[in-house]
Every structure is written in structure tokens, then in C-alpha cells.
Amino acid sequence: MEDKRQRARVQGGWATPTKSQSATQPASPARSRLSQTAGPAWRSKEQQQCDRQFVFKEPQLVVRAAPEPRVIDREGVYEISLSPTGVSRVCLYPGFVDLKEADWILEQLCKDVPWKQRMGIREDVTYPQPRLTAWYGELPYTYSRITMEPNPHWLPVLWTLKSRIEENTSHTFNSLLCNFYRDEKDSVDWHSDDEPSLGSCPVIASLSFGATRTFEMRKKPPPEENGDYTYVERVKIPLDHGTLLIMEGATQADWQHRVPKEYHSRQPRVNLTFRTVYPDPRGAPR
């Protein structure tokens with residue numbers, strides 16, 4: 001009987017460690033590492049990757065903004081662009097004709113120039129041009145499918161203005177296109193003075209009389225824009241009574257211009273655009 005109790009105590013000693021043994025026995029290294037893992041070691045790599053958290057980030061959008069128009073309203077020479085075609089340059093001379101003389105000239109032009117409203121053609125549809133025009137020069141001039149017949153009978157005041165511009169700019173001209181904007185509803189749409197008869201880099205001298213109107217320019221877009229003018233450079237030039245504007249260099253090749261309609265009432269305005277027309281486009285300067 002004593003032997004059975006002794007064997008039971010011995011067997012119990014193997015089954016349950018004493019408190020002192022439990023306190024001093026170090027934990028198994030393998031079990032410590034296992035308890036620190038995120039999951040059982042037998043899980044596949046694919047299952048462990050599914051437990052990862054991914055943070056979604058919005059893609060950064062490239063926002064294109066149309067550039068603000070450049071305003072030119074002071075006397076000076078301005079190079080507005082440089083391209084393989086060349087330098088595009090405008091020269092602004094406010095007060096080229098003083099106010100008193102400009103008033104007299106405006107009165108003479110409104111009265112004596114043979115103004116006429118011509119029919120334009122756009123996409124095979126004819127429409128009355130929203131302005132009056134007249135042509136002076138020994139050669140005809142064709143633009144926008146409209147042909148202006150030769151008119152060598154220059155008014156003395158027009159010949160005097162042509163000579164004055166030539167003396168002050170060192171440019172020469174043999175023709176003149178006159179535009180009469182009767183009110184704020186008259187305008188001219190986007191275009192370039194790039195007809196073959198003018199040569200590749202024509203010089204255009206624009207002299208204004210009467211109400212101030214805004215002369216707007218926009219650069220022609222590169223080929224990758226597919227004719228979209230949304231993001232091109234733009235220029236605005238207020239043309240006052242007696243102001244002279246010269247466009248030269250690659251301006252007609254690289255830029256378009258217009259005089260838009262106005263929202264507010266405008267008094268009459270006359271614009272004289274002097275240019276050189278060549279009888280044979282093959283002989284025009286390139």
C-alpha cells in the first residue's frame with residue numbers, strides 16, 4: 001500500500017511541474033516566435049498577401065488652363081512669338097495722327113470713300129459682310145473668295161497718309177483696304193492676311209480713326225492640337241483714334257486677328273490697312 005502511494009507521487013511529479021520549476025523554466029524560443037506571427041505558419045503566401053491593406057490614392061490630373069491674354073496698350077515694338085517661320089512682331093504708335101487732324105480725316109473718309117457692303121462666302125453660303133469696305137490700288141485683291149477690282153484713284157488724304165507712314169516706318173505700300181465699322185454690331189472674324197499675292201511675310205500698316213475698338217490676336221495652334229485654339233497665346237490691343245499699328249515678320253503666318261462685336265454702343269470707326277500686292281505671286285518675296 002505504501003508502495004502504490006509512492007509510485008503515484010512520482011508519476012504526478014512528471015505530469016505537473018512544481019511552482020518553482022514553472023517560474024524558473026524559460027519559454028520555448030519556437031513558441032515565442034510563433035505567438036508573434038500574424039497567422040499560422042502554414043498559410044500560403046497568397047493568403048498572407050490578402051491580409052495587406054492598400055490605400056487608394058486619387059490620380060493626379062494635369063489641368064490645362066488657357067493663358068491670360070497679353071494686353072499691349074503702350075507705344076513700342078513687341079516681339080510676340082518666335083518660331084521656325086520667324087519672329088512675329090507688332091509696333092504700336094498711339095497718337096500717330098493728332099486728335100484735331102484725326103477728327104477732320106474721319107469726317108472726310110466717312111463722306112468721300114466709296115463704301116460698299118460686299119457679300120462674303122463661308123462654306124458655300126453667301127452672307128452680307130458686317131462692315132463696309134473699299135479698295136485702292138492698281139491691282140485687284142482677292143481674299144475670302146471676294147475679289148476687289150483695281151481702283152487707282154486715290155483720295156488725296158489717303159495718299160498723304162500712305163506717304164507719312166512710309167516716311168516714318170521705312171516700309172512702302174501700293175494698296176489699301178478700307179474698313180468702315182458703323183457701330184458695335186460691325187466686325188471682322190478671325191483671319192490672317194496671308195494671301196499669296198502679299199508674299200510670305202507681308203507688312204500690314206493699320207491706321208484707325210473714330211471709336212476705340214479692341215484688336216484681338218491669337219496664335220495658330222501646333223499640329224498636335226488638331227486645330228484647337230483653346231490653349232493658344234492671345235493678345236489684345238485697344239486701337240484708339242489716330243493710332244497706327246504695324247504687323248510684320250511672321251505675324252500673318254503664325255497668328256490670326258479679328259475685331260469682334262461689342263456689347264456696348266460704339267460710334268463709327270474707320271480702319272485703313274496699307275499693304276503691298278504683287279502682280280505675280282511667284283515674284284512675291286519669300
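Backbone N, Cα and C define each Cβ position, glycine as well.
Residues or ranges marked as region 'Disordered' by Swiss-Prot: 1-46.
Per Swiss-Prot, compositional bias 'Polar residues' is recorded for 17-38.
In this structure, Tyr143 (substrate binding site) is part of a beta strand by DSSP. In sequence order, His191, Asp193, Glu195 are the residues of the chain that are 6 or more apart from Tyr143 (substrate binding site) and have a CB within less than 8 Å of its CB. According to Swiss-Prot, the substrate binding site annotation covers Trp115, Tyr141, Thr142, Tyr143, Asp194, on the basis of similarity to another entry.
Long-range Cβ neighbours of Leu177 ((4R)-5-hydroxyleucine) (same chain, at least 6 residues apart, Cβ-Cβ under 8 Å): Thr133, Ala134, Trp135, Tyr141, Met148, Leu272, Thr273, Arg275. For Leu177, the entry in Swiss-Prot reads (4R)-5-hydroxyleucine.
All chains included, 26 other C-beta atoms sit within 10 angstroms of the C-beta of Phe274 (2-oxoglutarate binding site). Under the three-state DSSP scheme, Phe274 (2-oxoglutarate binding site) falls in the strand class. Under the heading 2-oxoglutarate binding site, Swiss-Prot lists Asn179, Phe180, Tyr181, Arg269, Val270, Asn271, Leu272, Thr273, Phe274, Arg275, citing similarity to another entry as support.
Sequence annotations record features per position, and here Swiss-Prot assigns Fe cation binding site to His191, Asp193, His257. Over all protein chains present, the Cβ of Asp193 (Fe cation binding site) has 18 other Cβ atoms lying within 10 Å.
Neighbours of Leu272 (2-oxoglutarate binding site), defined as other CB atoms within 10 A of its CB across all chains, total 23. Between the CA atoms of Tyr181 (2-oxoglutarate binding site) and Trp115 (substrate binding site) there is a gap of 11 Å, rounded to the nearest whole number. Fewest Cβ neighbours within 10 Å among the binding-site residues His191, His257: that distinction goes to His191.
Other C-beta atoms found within 10 angstroms of the C-beta of Tyr181 (2-oxoglutarate binding site) number 25, with every protein chain shown included.
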